[in-house]
Amino acid sequence: MTERNQTPHDANPDERLEHDDAPLHDNKPGEGGELPTESHEKQTPTSSSAAIAADDTGTARSLTADAWRSLRKNPLFWISSVLIVGLLAIAIFPGLFTDQNPDYGDLGRARIDPNSTHWFGTDRQGYDVYTRTIYGARASILVGVLGATGTLLLGSFLGLVAGYLGGWVDTLISRIGDIFFAIPLLMAGIILLSATRSMDTLLGVPLQGYFGTIFQLVLVLVLFGWPAIMRLMRSSVIQVKPNDYVQAARALGASPLRIIRRHVMPNALAPAIVVTTINLGVYISVEATLSFLGIGLVPPAISWGVMINDSLVFLRSGTTLHALFFPALFLSICVLAFIMLGDAVRDAFDPKSRDR
Amino acid sequence: MGKYIVRRLLQMIPVVLGSTFLIYAMVFAMPGDPTAGKCGERACPPAYVKEFREKYNLDDPLPVQYGKYMGNVLQGDLGENQYGIPVAEDLRDRFGVTGKLASMALVFQSVVGILAGILAGLRKGGFIDNLVIVSTLFVISIPIFVSGFVLQYFFGLELGWFPVLVGADATFYRLLLPAMVLGSLSLAYIARLMRTNIAENLGSDYVRTAKAKGLSNRRIIGIHTLRNSLIPVITFLGYDFGALLGGSIVTEGIFNILGVGGYVFTSIGNRDGIAVVGAVTVLVLVYLIVNLIVDLLYGVLDPRISHD
């Protein structure tokens, strides 16, 4: 709170509201000092002045500010955020965590158990498992982040267009969405990727090499992921559009773009963000599954899925169990972190689940 | 009710046509060469390419190609795999095994998931609740191919409780471990969904009325709460059936089960496009049909749905 008190008052309406109610609860300083929403209700029958003020803040505070308040009290949010920041650091700057070359394989040191030089041991090709696990983060996370962002952008755009224009445009987009939605993601991935395997370029993008293989995966995820976000956005627009304030804005000559930005987006963004966060975890898992099946990322790209696939061949001899364990551990932690974050964000935005 | 069924069936037609067209277009209308990789390391001889194109009508305009393909699919012709064996014939023998595996997984995940969800939801915040929440979070975040291999390694290889591979003789006992692996992911989602529903319904007005009437706790939970909480779970089961079929590709690959999923798994490895597409098309069709059945069932279970 101390930092925020120094910001100018006209900076942001949400922040200003937090200031206005700050004196009320100033007896409890610090991060956890704000009273939870439930206590506002408890106050209502006892002291009338506090009740009026509390009611004011309760209604005037925006959904985002409200969500942020309950979010930062949730330990799951902090655990998952720390994990994600750590994984992002690994993905962006793998060189900080290891000085080894992930592509250096030496058969002379194959299948060594974890020890002080090779923390996670080496695999059957003599690759250092720790180094490859660190470098594998990039591809896995890149696919997840690009896929989820692309899904969000395409889905939101089409949902806004469908909901705002209505009529035959809406029918067309919705029905196309139904069709894409009807094919389960993994199966769509299998079909599209087995077709693109024999191709050199798609939409002008070369499909070979590191970025080519990542591009194919992102394409699958976006192409078959957008209907969920589109439906969310569309229903938000349809809910908001008939409201008086939107009609008034339109009568005053506000452009569709402005109406969408000022009135539709704030209502629709919360569920879209929740789905996107959960998508991140799901997509990373799907990438690993497709790579495991042998049609996702392929060497020389390094990803956790590729490493797991590599290690499985000789798993049954039982000698390189660690080569499976560590990438699988990182993969699971990464998926766990994003799904936990999604859970926390959903709880924060959903007042029904907040009374826990 | 009759009106509802007819409406749902009519809505289904464009989705089935559209999604099968999409699958077909992804495979045959892409700018790549469909015969690539079919003749080993070399390019295919022109005679083979010509025959291939003729056989799959690749020189017709796309809608015509699709029409012919769908006509063949409806007659049970899914093309031939790279050994010249009709894909439909291969699949026919394998459907029983996948059906058995999927229904075992379905029973496992619904029974265990619903029970866990009920126990957790009845005492929200209690020990069992926290246990269910944490354990389902772990199950959700571990991909099925990892848990499959780990369980296979420990229970199959190390402890010897279950056979490591299933093979040709898919008995109930042999399919037990794969079915549990396959059902584990949905189990977690079902448990969480059931928990939320139970907890939400327990706080609803009709439960309070039932209590006020003096009904026994058993009746309130067993009849009123449970029935209402089960409806979303059934919808989820239908929606999730796609994930179950997708999961069967991975599980059957790991445990060497000779079902449809295992067929897709080996065909991907063999780069056999026709076989992959044929089998996956069938899986998508099964998924759509199951979804339709669940939708209709939903109308029966929840009268509010069919009367609008």
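Each residue, glycine too, has its Cβ placed from N, Cα and C.
TrEMBL lists A:1-43 with the feature compositional bias 'Basic and acidic residues'.
Taken from TrEMBL, the feature region 'Disordered' applies to A:1-55.
What TrEMBL records for A:46-55 is compositional bias 'Low complexity'.
What TrEMBL records for A:76-97 (among others) is transmembrane segment.
The domain 'ABC transmembrane type-1' feature in TrEMBL is assigned to A:137-342.
The feature transmembrane segment is assigned by TrEMBL to A:141-164 (among others). Tertiary proximity for the transmembrane segment (A:141-164) is limited to same-chain residues at least six positions away from its ends with a CB under 8 Å from its CB atoms, namely 87-88, 91, 170, 173-174, 177, 214, 217-218, 221-222, 225-238, 241, 256, 260, 264, 268, 272, 276-277, 279-281, 283-284, 287, 297, 303, 334, 338.
If you look up TrEMBL, you'll see A:176-195 (among others) marked as transmembrane segment.
Among the features that TrEMBL reports, transmembrane segment is placed at A:207-229 (among others). Nonlocal intrachain contacts for the transmembrane segment (A:207-229), taken as residues 6+ away from its ends with a CB within less than 8 angstroms of a stretch CB, comprise 139, 142-143, 146-148, 150-152, 154-156, 158-159, 177-178, 180-181, 183, 185, 188-189, 192-193, 196, 199-201, 272, 275-276, 279, 283, 286-287, 290, 296-298, 300-301.
Same-chain residues lying 6 or more positions outside the transmembrane segment (A:292-309) and placing a CB less than 8 Å from one of its CB atoms are 102-103, 123, 129, 132-133, 135-140, 143, 189-190, 193-194, 197, 210, 213-214, 217, 323-324, 327-328, 330-331, 334. Under the heading transmembrane segment, TrEMBL lists A:292-309 (among others).
The feature transmembrane segment is assigned by TrEMBL to A:321-341 (among others).
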Positions on the same chain near the transmembrane segment (A:176-195), where near means CB under 8 A and six or more residues out: 158, 216-217, 219-221, 223-228, 230-231, 282, 286, 289-290, 293, 295-296
Residue numbers, six or more beyond the limits of the transmembrane segment (A:76-97), whose CB comes under 8 Å of its CB atoms: 134-135, 137-138, 140-142, 330, 333-334, 336-338, 340-341, 343-345, 348
